[in-house]
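**Q** Swiss-Prot lists these features:
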- Asn111, Lys168, Arg288, His321, Ser368: substrate binding site (BINDING)
- Lys166: active site, proton acceptor (ACT_SITE)
- Lys191, Asp193, Glu194: Mg(2+) binding site (BINDING)
- Lys191: N6-carboxylysine (MOD_RES)
- His287: active site, proton acceptor (ACT_SITE)
- Lys329: site 'Transition state stabilizer' (SITE)
Amino acid sequence: MDQSNRYADLSLKEEDLIAGGRHILVAYKMKPKAGHGYLEAAAHFAAESSTGTNVEVSTTDEFTKGVDALVYLIDEATEEMRIAFPMDLFDRNILDGRMMIVSFLTLVIGNNQGMGDIQHAKIYDFFMPPRAIQLFDGPSKDISDMWRILGRPVKDGGYIAGTIIKPKLGLRPEPFAQAAYQFWLGGDFIKNDEPQGNQTFAPMNKVMPLVHDAMKRAMDETGEAKLFSANITADDHYEMLARGDYILRTFGPDADKVAFLVDGYVGGPGMITTARRAFPNQYLHYHRAGHGAVTSPSAKRGYDAYVLAKMSRLQGASGIHVGTMGYGKMEGTHDDRAIAYIIERDSYTGPAYHQEWYGMKPTTPIISGGMNALRLPGFFENLGHGNVINTSGGGAYGHIDSPAAGATSLRQAYECWKAKADPIEWAKEHPEFARAFASFPGDADMLFPGWRDKLASHR
């Protein structure tokens, strides 16, 4: 059934829809299956994503038609399809009237992903009008809160050197806490790896007191504050809350130094919102394990990593992993810096839409996946700043001297970039950074050919 007369209006102007402030706009790359016209398929897609079904139904009235989603732009050659969704379509909380990401996802990327006439459809950007921005929670904490704890300026406080406890699984409580202590002697921030929680060989009620003790010892020894991101992800919201409450009790007066890590993709949006609302005084660390199933460029359905990051800010994530922008082991390109810019700035023009955030707190880009001191200067140069959290697991624990030396080398890499120094020359005066060359010789050979001869007299 051709529904283009009802669910498409190509005379609509995007600038008018934005100025009106009554629609959420979504940009897709969509391809129909063979034998289906582009506009016909696009209109069917909009119908399935809003008020329509596969036949005309007698219960439809004029009000219903007033909240139809409308295709307003198509370009078959580039697979471009843009749809305007009336704000009234989206579900609201009965408790406080606020919007929810689950409703957004249900409509814009729900049943339409299994339609028989669609080869593929993937969201690459969306626009939220001012009223929608007001109706999402947004972050309660941001990187400025971390800088404040670390004793830094709350504006441009700079790089937070972090790690992930490695190996990701298999450490019992005492070795786990010792690994944390060793890194904290040189670094700022430690996070649980996403599978770490309450394994039988490392129960949380034994691990967390030891980690707090390690934190206190490291703070006493270095005179610096330390930060820990504890994984509270669970299937059950009550279990997640119980974990969070236990951790806060355990850390006691140092609870402000604890972030809560939630695996937001596998756990779902409800886990992020529950953590945001139950623990507004904690930094909310959004881990995105599994996201590549839909965000990878090789995946033709779902949504891009840019879209995931943008949604995370609406939900209230204080920080989210954004990959390594082609500088680490994770899939990505240098242009992925746009993922960082959309969540950290108050205004940004993305691949399809300009988005204003109207003062919503920023979400911190968290950099992780194959990064070490040698890769960081180029990363910072591409991003244009160092106001990020970086969690380097192998980059710290793989340092030839010690995890503390690995942490120090990460800090020195940031200082090298800030000073606009040549990394080889910088290494001659910074021993931990210099030893990173020997620790990661494959990277050193790739990034700094001839480094062995240049550093030979400074070993």
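Counting begins at 1 with the first residue displayed.
Cβ coordinates come from backbone N, Cα and C, glycine included.
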**Q** Whole-number Å distance between the CA of Glu194 (Mg(2+) binding site) and the CA of Lys329 (site 'Transition state stabilizer')?
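**A** Taking the Cα atoms only, Glu194 (Mg(2+) binding site) lies 17 Å from Lys329 (site 'Transition state stabilizer').
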**Q** Around the Mg(2+) site recorded as Lys191, Asp193, Glu194, what other same-chain residues have a C-beta within 8 angstroms of the site's C-beta center?
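**A** These residues sit around the Mg(2+) site: Ile164, Ile165, Lys168, Asn192, Pro195, Gln196, Ser229, Asn231, Leu261, His287, Thr391.
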**Q** With Lys166 (active site, proton acceptor) as the reference Cα, tell me which of the recorded positions Lys191, Asp193, Arg288, Lys329, Ser368 is the closest one.
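**A** The smallest Cα gap between Lys166 (active site, proton acceptor) and any of the recorded positions is with Asp193.
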**Q** Can you see whether DSSP assigns His321 (substrate binding site) to helix, strand or coil?
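**A** Reduced to three states, the DSSP call for His321 (substrate binding site) is strand.
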**Q** Relative to the Cβ position of Ser368 (substrate binding site), how many further Cβ atoms are located within 10 Å?
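**A** Total other Cβ atoms inside 10 Å, all chains included: 24.
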**Q** Can you figure out which of Lys191, Asp193, His287, Lys329 (the recorded positions) comes closest in space to Lys168 (substrate binding site), comparing Cα atoms?
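**A** Comparing Cα positions, the closest of these recorded positions turns out to be Asp193.
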**Q** So if I draw a 10 Å sphere around the Cβ of Lys166 (active site, proton acceptor), how many other Cβ atoms end up inside it?
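**A** 18, counting other Cβ atoms within 10 Å of Lys166 (active site, proton acceptor).
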**Q** Quick one, of the recorded positions Arg288, His321, Lys329, which Cβ has the fewest other Cβ within 10 Å?
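**A** So among Arg288, His321, Lys329, the recorded positions given, the one with the fewest Cβ atoms within 10 Å is Lys329.
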**Q** Cβ-Cβ under 8 Å from His287 (active site, proton acceptor), same chain, 6 or more residues apart: which ones?
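**A** Set apart from His287 (active site, proton acceptor) by at least 6 residues yet with Cβ under 8 Å, we have Glu194, Asn231, Thr233, Leu261, Val262, Asp263, Gly264, Tyr265, His321.
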**Q** Sorted by position, what residues of the same chain at least six away from Asp193 (Mg(2+) binding site) have a C-beta under 8 A from it?
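**A** Non-local contacts for Asp193 (Mg(2+) binding site): Ile164, Ile165, Lys166, Lys168, Leu169, Asn231, Gly393.
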**Q** In this structure, which of the binding-site residues Lys168, Lys191 has the fewest other Cβ atoms within 10 Å of its Cβ?
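**A** Counting other Cβ atoms within 10 Å of each of the binding-site residues Lys168, Lys191 gives the minimum at Lys168.
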**Q** Counting only residues 6+ away in sequence within the same chain, which have a CB under 8 Å from the CB of Asn111 (substrate binding site)?
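**A** The list for Asn111 (substrate binding site) reads Glu48, Ser49, given in order along the sequence.
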**Q** Just give me the nearest neighbour of Lys329 (site 'Transition state stabilizer') among the binding-site residues Lys191, Arg288, Ser368, Cα to Cα.
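**A** Nearest candidate: Ser368.
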**Q** Cα-Cα separation of Lys191 (Mg(2+) binding site) and Ser368 (substrate binding site), in Å?
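**A** One finds 11 Å between the Cα atoms of these residues.
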